[in-house]
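Features of the protein shown, as given by TrEMBL:
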- Asn7, Glu382: Mg(2+) binding site (BINDING)
- Lys14, His205, Leu206, Gly207, Asn208, Gly209, Asp280, Phe281, Arg282, Gly328, Val329, Gly330, Glu331, Asn332: ATP binding site (BINDING)
- Arg88: substrate binding site (BINDING)
- Asp145: active site, proton donor/acceptor (ACT_SITE)
- His177: site 'Transition state stabilizer' (SITE)
- Arg238: site 'Transition state stabilizer' (SITE)
Amino acid sequence: MKVLVLNCGSSSVKYAIFDDGADKVLADGIVERIGGFKSKLKHRFGGGAILEQERVVPNHEEALKIIIDLLINGTIKNISEISAVGHRIVHGGEKINRPVAIDGKVLKLLNECAELAPLHMPHNILGINVCQRILRHAVQVAVFDTDFHQTIPDYAYIYPIPYEYYEKYKVRKYGFHGISHKYVAKRAAEILNVNIEELKIISCHLGNGASLCAIKNGKSLDTTMGFTPLAGLMMGTRCGDIDPAVVLYLMEKEGTCLDEIARILNERSGVLGISGLSSDFRDLEKAAEKGSDKALLALEMFIYRVAKGIGSFIPVLGGLDVLIFTAGVGENSSTIRSRVCKMLQCLGIELDEHLNLEKRGIEGIISTPASDVKVIVIPTDEEKLIAKETIKVAEEVFTLVN
Ligand code: AMP
């Protein structure tokens, strides 16, 4: 069964087409800066050849058409070969907590969840709408970032505010990046050749968005993101945890409206807000080397919060066997990994600095044999996990239909 996986962001569409039970990638790529004058397209054919283009891509529908044209010119003969489309959906709220085939009822629930993740959900839903037009014959499946965190216990997901707000509005911690945390935890168990049920894992998904997840017996017990993906660690442009009174104070002092305060916390904060330079950690590392105090401060703050967050999950798990680094920063920045691990030496974590330098964007153990905790770099592969979940749901649908 050929499965197309789509991850529709605000200005980008990431995609991959799989075959053979999602074990074979036929092609993948990304269309970025959709809506701008110079959108960027990067397509990788199954054989490894890469096509890079700059062209005008006015909207997501056009991006999808370009992707399908590319697939037809070299990967598949006809779009009817695509049996299912797996959509990465950021928020399923409390009502949907497993991968589902998308019908009118599911779409209505997704629209209800949209206000819970306003930066992501409208684009996720747009992707579904476009596919329902262009790939009408295929089963559309929603796979949720919140799904993996359904095992977090109530004492960890309820906020200490009047309980009626949980009852009335379902205000609680949901957690995100679940697809990534689940994938890397499973992969860590495979690499170590140990049953996942026997491992206490902390997964550090450090990208433009960043979160930590405490995993025991293969289940998420806690995570740093919350009601929305704004909570927890400091991120590229998001503030993470701050005293909530700061929001009230700023609104009063600056006369800031709700929309503006949401923009400040989501888009103008994090390492970008502190450095005033960039949300990209590569830029910050370069600027810090050249002596930028603000870039240095932003990096110090980020590292401090990651290490502190890891420490806070030790009692949740009752110890730690495996620490995983994944996503753009986690996979590539040996400096950040090294500095986080130095702060955690009291836990018996010891990095092999040579291995740490070597593992940039590639999988491997980076701790010394003597380290009490195995530290592993694992490039995340959310698309593969989405494809596998999509196949399961599509097969159920096909069984019902036949
Ligand atoms: P993601 O959200 O997982 O795609 O991660 C994107 C982020 O990864 C970018 O904003 C960069 O800051 C970061 N990144 C990518 N490559 C590197 C690198 N070699 N060193 C440091 N950070 C990197």
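Note that Cβ sites are derived from N, Cα and C of the backbone, with glycine treated the same way.
All annotation found in TrEMBL is predicted automatically rather than curated by experts.
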Exercise. If you count the C-beta atoms lying within 10 Å of each candidate's C-beta, which of the binding-site residues Asn7, Asn208 ends up with the smallest number?
Worked result: Asn208
Problem set entry | Nearest of the binding-site residues (Lys14, Leu206, Glu331) to Glu382 (Mg(2+) binding site) - Cα to Cα | Lys14
Seminar exercise, completed: Sorting the recorded positions Asp145, Asn208, Arg238, Asp280, Val329, Glu331 by sequence and keeping only those with a Cβ under 6 Å from ligand 1 gives Asn208, Asp280, Val329
For this session: In three-state terms from DSSP, label Asn7 (Mg(2+) binding site) for me.
Result: strand
For this session: Find, among the recorded positions listed as Arg88, His177, the one whose Cβ has the highest number of other Cβ atoms within 10 Å in the structure shown.
Result: His177
Exercise. Can you tell which of the recorded positions Asn7, Arg88, Asp145, His177, Arg238 lies nearest to Lys14 (ATP binding site) in space, using Cα positions?
Worked result: Asn7
Problem set entry | Nearest-integer angstrom distance between the alpha carbons (Cα) of Asp145 (active site, proton donor/acceptor) and Glu331 (ATP binding site) | 20
Exercise. Cα distance, His177 (site 'Transition state stabilizer') to Asn7 (Mg(2+) binding site), nearest Å?
Worked result: 13
Problem set entry | Whole-number Å value for how far Arg88 (substrate binding site) lies from Glu331 (ATP binding site) (Cα to Cα) | 21
Exercise. Among Lys14, His205, Leu206, Gly207, Asn208, Gly209, Asp280, Phe281, Arg282, Gly328, Val329, Gly330, Glu331, Asn332, which the record lists as binding ATP, how far apart in Å are the two most distant Cα atoms?
Worked result: 21
For this session: Could you find out if DSSP has Val329 (ATP binding site) as helix, strand or coil?
Result: helix
For this session: Express the distance between the Cα positions of His177 (site 'Transition state stabilizer') and Leu206 (ATP binding site) as a whole number of Å.
Result: 10
